[in-house]
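> Straight from TrEMBL, here's the annotation block:
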type: ACT_SITE; residues: C54; note: active site, thioimide intermediate
type: ACT_SITE; residues: D61; note: active site, proton donor
type: BINDING; residues: Q95, E96; note: substrate binding site
Amino acid sequence: MGKVTHDHSKYANIRFDTQDESAIMVDILETIPYEYPGKDTEVVIPTSEFTSVCPWSGLPDFAELTITFIPDRLLVEMKSLKYYLTSYRNVGIYQEHATNRILEDLVNLIQPKYMKVEAVWNPRGGLGTRVVAEYTKEGYVRK
């Protein structure tokens, strides 16, 4: 069997095009009224289809994303959430920043009593990342 050689220098300057955070479609998000504001109902939205790209290389980052919240008066409309999350597809953003950005955008949209966004990122370079960002409305005590 012949010797396998690799010329890693040919990869050194390769970068894929990325979009900046202005490509994130926050305006696509819609709400619907929550008809049980007195009840602390936990809503859990998991997806294994979340993707963004590394801002340095442009290589894809994949995550299992779970959004958990206790609504106050509004819910996020699911189709709009799907389009919003898909808009990250070519955005160059660090994993920790993407997770926090999703939390901030959704909290601003629906003003929940509580919200947690957890992203379990596929390993890159042998290292996996789990990012958890949380929000609790002032004065709210989770039961």
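Yeah, the Cβs are placed from backbone N, Cα and C, and that goes for glycine too.
Note: TrEMBL annotation is automatic and uncurated.
Source: prediction; values computed, not measured.
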> Below 8 Å Cβ to Cβ and six or more residues apart, same chain only. Which residues does that give for the residue listed as 'active site, proton donor'?
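Counting only residues 6 or more apart in sequence, the Cβ neighbours of the residue listed as 'active site, proton donor' under 8 Å are T51, S52, V53, C54, Q95, A98, W121, N122, R124.
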> Could you tell me which of these recorded positions, C54, Q95, E96, has the fewest other Cβ atoms within 10 Å of its Cβ?
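Minimum Cβ neighbour count within 10 Å, taken over the recorded positions C54, Q95, E96, occurs at E96.
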> Going by DSSP, is the residue listed as 'active site, proton donor' sitting in a helix, a strand, or coil?
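In three-state terms, the residue listed as 'active site, proton donor' counts as strand.
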